[in-house]
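Reviewing the structure listed below.
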Amino acid sequence: MYALGCVLYHLLTGHPPFSGDGLKDQHVHAAPIPPTCHVGHIPAELERLVLKLLAKEPEDRPVDTRMVAEVLRKYAPRPGDAAPSPRLEPDPTRPLRLPDEYNLPAAPATPVAASSSGRRRRGSGFLSRRMFQEVTTEAAAEVESGEPASAVDKLLELLPAARRDWGAFDPGVRTALRVTANGMRVAGRCKEAIALYQALALRAEGKESPDGLADYLEGTLGAAECRIPFGDLLPAAAARAMVLEQMAHVTGPRAEMLTERCREVGIELEELGFGI
């Protein structure tokens, strides 16, 4: 309970309950500064809970975690609440705000023996593949129409969970990265787009597939293109030249898309007076 109080104090205030010299002695004898001295708007009930958890005598602390959970649950996000601002990645509030987006299995009646297969186990909540694919398709249609909207934002929220559950190089995750990156770019949300394009440009170890190369080229070009509005033109010109050099190794629709993107970036650079 005491350790939980230390963690909760730090989460609420941004400071540990004790610092400086004689930490061990402080933990044994000193009373912590009330959390509201650091952050004035912490609810009084939460402050009382934290100070009770940090009580010096074990008998003065909560009897069990159920009491703690009852208090914390009052301040937890509820279904339909807005996402945190600024956005968090990963976002710990997402399963509480968007319960319908997760398959939440019932708690087992009896303890489940640990698996010896070495397979990765899911957490208490995991993303539905079918729902994720549906949102990706809706978001792609919005981007194609030139009007990214709610589906793109929804997909952006779901991406951290998808990367956690299925891995950064899962084909569905890579497709969603492309869609959300392009959606942010089209919407003019360039800083968010840069981060997504940079994630898309990450290359897997070992032999690279044509799709992996196309992702790398699209991510590199997209991240550089999104710096143009900030007056940073040289990266876009360099990325465009690199993509054109590598184009022979990409075929099909991805090659056509990259060719068109290079053409658009070239036009934009010329309009800004940058010779290419």
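Glycine residues also receive a Cβ, built from the backbone N, Cα and C atoms like all the rest.
These features come from TrEMBL:
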type: DOMAIN; residues: 1-76; note: domain 'Protein kinase'
type: REGION; residues: 75-125; note: region 'Disordered'
type: COMPBIAS; residues: 88-100; note: compositional bias 'Basic and acidic residues'
type: COMPBIAS; residues: 105-117; note: compositional bias 'Low complexity'
Intrachain neighbours beyond the compositional bias 'Basic and acidic residues' (88-100), with Cβ under 8 angstroms and 6 or more residues off its ends: 76-82, 125, 157-158, 160-161, 164
On average, what pLDDT score does this prediction assign to the domain 'Protein kinase' (1-76)? 88
